[in-house]
Each structure stands twice: as structure tokens, then as C-alpha cells.
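A.B. asks: Here TrEMBL flags B:12-34, B:46-70, B:90-108, B:120-141, B:153-172, B:184-207, B:227-246, B:258-278 as transmembrane segment.
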Amino acid sequence: MAYGFYFDSTRCTGCRTCEMACKDYHDLSTEAAFRRVFDYEGGEFVENADGTVTATTYAYHLSEACNHCESPKCFAACPTGAIEKDEDGIVYIKEDVCTGTGACVDACPFGVPILVKEKNKAVKCDMCRDRIAEGKRPICVEACPLRALEWGDLDELKKAHPDAVHAIAPMADPSITNPSVIINACPAAKEVGDTTGAVANEKEVTFA
Amino acid sequence: MFDGGFSATSLAVFTALAPAGAVAFACLAAFLLVNRSQSRDWRDVLAHLLFIPLAIAWAGFIASATHLGTPANALHAINGLGRSPLSNEVVSAVAFLFFAGMAWMYSYREKPKASVMNGLLAISIVCVIVMLFHTSFAYSIATVPTWDTWLTPANLCATALLSGPALATTVLQAARVRAGKWPYALLLIAVAALAAGTVLLVCHMNFLGTVGNNVTLASALVPNYGWLIAAHAALAICGLAFQLHGLRLATSRTRGPVFSVIGCAVVIIAALLARFPFYDAYLSVGF
């Protein structure tokens, strides 16, 4: 059994409540966010011969935390064995073993682990393991006012959402790590590897 | 250059100094092994001077330790031996420092056994090769296409074969031993490595223009790559010319080594300069 997330991009309005609830619950500084909301935008306005304008512009949001991948690259890269994947599929960092080499930060194709200067350690989403142990859901899922996030057994999530895809832009190719995430793609959503759009809030979602 | 690369400065220093010291040590060890029949006095002098490349390699390792956020946990870095390229790198480096350090300390013994000394030197040379291999392949990360190329190990080896022989030449001269053609041969290796390394750097620069992700083209990460390559080549040529001049002044007991030391320092700075764009070029396949 492996836990996973379901994200409904037809519902998400990009309000950041998931991100803020996570930051509040995990008491994160301005240097880190375990869940980030990407604004993906693109397209153009084309002026036609008759003076009218045709718009191909689009914008949508992607709320992404750690994907708790089936084959996590962070786990493979860590020299100290500080990253573990437990029997529930949760990928987490053992702080007492982490030396802060940043190997996981370099290796993760989703830019999930963050090196925090205050602690000199890498940190990332642990799917709220402590809450799950108490029988609760991750705080981001509980917080979403649009009910755009679900969490549970990945196989059951897949059964409940048969049309969901494994990734949308700007995520990395899911075949690299097999993320434990499925997504309901909104009509505007672009496929992985798309080059027509760009992340409009790059500074907000980048921690270096 | 110091924007993205600054956080990786310690790694740039590490990958410039540690291979320089290690390859210089290997060159000197080879010299001692080849010239086994010579008088013992200068062999002792040279063996004592093995401290210089060893110290430079140590300086590199200390620099890499500052890259660890939490040095108190440094021992955990070997947990992933066999599985993690980084752990393999650390263990092979420690093995080199152990055997090379043993050889250096053994040279202080009053009646050292030639067989033990030669054995330690030979093992050290093997350790240098293994260490260079693992240092190169620590960057073979499938999710970082700008590093995961044959150019990474090739560049690292070229830099090591430039600065290592240059350093060994200076130590040979400082030891005032009759080294025959060895210093010139070492400088020739350095010149060849510089030529090959410069071509490889240009290849990597061009390669960056072909790689990108959802956000940026890799070449945009290192806009001044061309200038850095030019500066690297120019500095290295100056440094090697100084060393050659120093060798030709061999009759002067002080001026020759002074030129050689300055030239060697300039070559090592040139080698360091070539490492920065590599770290600046970090690019993930994802966002």
C-alpha cells in the first residue's frame, strides 16, 4: 500500500491556502515551503486582418508538494541514507542523519527538497506523518477551501478518478521517478515538456 | 559567475585542489618508484616534500567539508558506500589520504624499508586513480542533464592532469634533486592537458546550448562561459611559462624555484577558474 495525493486542477483557484496551512503547521520560515503553488501561463494575442483579436492565452495552477515517488531520486542520491521510504510509501528525511550535502536537492527533478541555512539540513514534505499516525489527513488536504486536494491509498484514488493523469506542465517527466500523485487536468492544462508557457511566479516557488 | 556558483564555491575549490594534490602525489610517487636505485639522501628529501601535494589535497577536502551543512554528521557520509556515488567518492578520498599520509610519515623513519615505502607509494597511485574516477562520476545524476555527460569526467581529468603535473614539477625543483627530463616531461603533460581541457570546456559550453528545461536554456545559466575559458587558458599558459622559465634558471638556487612556485600557483588558480562554470550550469530536468 502506498499513500498518494490527488490534485484537481479544474477546482484550484491558486489561493495558496494549502501552502500557508502547511507553512503554519510545520512552522516554516520564509526560506522554505513544502507545498508550492505554480502559476503556469502562456499563449498570445494575435491581431487579425479585420482588426479583431484572437486570444490563445491561458493560465492555470498546480499545487505540488513532495510526490513521494515510487522510485525517489533523492533517496538514491543521499550518501548518508538520511532519506527513507516507509511501508506507507511516505518519503521522509531523518534529520539526525542528514549532513546537508544537498545531493537530494540536486537529484530531485521536482525541486522538492530545500537546504535550510538555519538548520544546515535538507527539509521537505513528510506527508504530515504525525497527523496520519493520529488518523488525520495531511494539513494541506484539510485546508483546501475548494476541495481540490485529496489524499489516501493511491490505488483507491486511481479507482475514484480513472481519468486522472500522472503529471501536467511544469512538472518533470513522471517516468523518471513514478510520483505517487494523480491529477485531474483542467482544459487549459499542458502536457509535460510543454514549451508554450512558463512558470509566472518563479521567484515564489524557488528556494536557493 | 558568483550568483549560482557561490554556494558551490567550496566544491569548486575541492575539485580543483584535491585532484591537483592527488595527481601531483601520484607523479612524485611514480618518480620515486622509477628512480629506486638512486642515492637515498635526496629520496628522503623528496619523500618529505610529499607533504606539499598532500597538504594541498587536504586543503581541498577541508573545503569540501564546509559544503556539509552539518560537519558533525560527516561520518554518515560513508553510509551509502557502493550505492551512493558521493559515498564512494568520500571513501576513495579517505583511502588516498590514509595511504599517502602513511607513505609521507614512513619517510621519516630512520631506517625505512624500501619495500614498504614502495608498496605504500604504489597503493597511493592506485588510490589516486580510483579517487579521480569516483569524483568524476559523483556528478552522473540522471536528472541533471548538464552534468550527466562524458564531458564531466573528461573535464575533471583534464584539469587534474594540468594542475597535478605542474605542482609535481615545482616540488621536484624545490627538492633540488637531479630529476633529469622528468620536470620537462611533466610540464609537457600539463601543456597537453591544457590544450585538451580547453577544447573540452568549449565542447561543454556548446553542449549547454542544446540542453534546457521548462524554464531556461542551460547556456543562459553561464553567460560568461567563453570569457572564463579564455581566462583559464591565458592564466594556465602564463603559469606554465613561468614554470618553464624557472626550470631554465636551475643554476640559480633561489630564483628558479621562486618562478616555479609562482607559476604553479597561477596554474592552480586557472584550474579553479575552470570549475566555476560547471557548478553554475546546474540544471534539473524538471522545474
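For all residues, glycine too, the Cβ spot is worked out from N, Cα and C.
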A.B. asks: Is the transmembrane segment (B:12-34) in contact with the transmembrane segment (B:90-108), using at least 3 Cβ pairs under 8 Å (sequence separation of 6 or more) as the test?
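C.D. replies: Output yes: the transmembrane segment (B:90-108) sits against the transmembrane segment (B:12-34).
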A.B. asks: Is it the case that the transmembrane segment (B:46-70) and the transmembrane segment (B:153-172) touch, counting contact as three or more CB pairs under 8 Å in which the residues of each pair are 6 or more positions apart?
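C.D. replies: As far as Cβ distances go (cut-off 8 Å, pairs 6 or more apart), the transmembrane segment (B:46-70) and the transmembrane segment (B:153-172) touch.
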A.B. asks: At a Cβ cut-off of 8 Å, and with pairs 6 or more apart in sequence only, do we get at least 3 pairs between the transmembrane segment (B:12-34) and the transmembrane segment (B:153-172), yes or no?
C.D. replies: yes
A.B. asks: For the transmembrane segment (B:120-141), give me same-chain residues lying six or more residues beyond its boundaries with a C-beta closer than 8 angstroms to one of its C-beta atoms, as numbers and ranges.
C.D. replies: 15, 18-19, 22-23, 25-26, 29-30, 32-33, 85-86, 88-89, 92-93, 95-96, 99-100, 102-103, 106, 147-148, 152-153, 156-157, 160
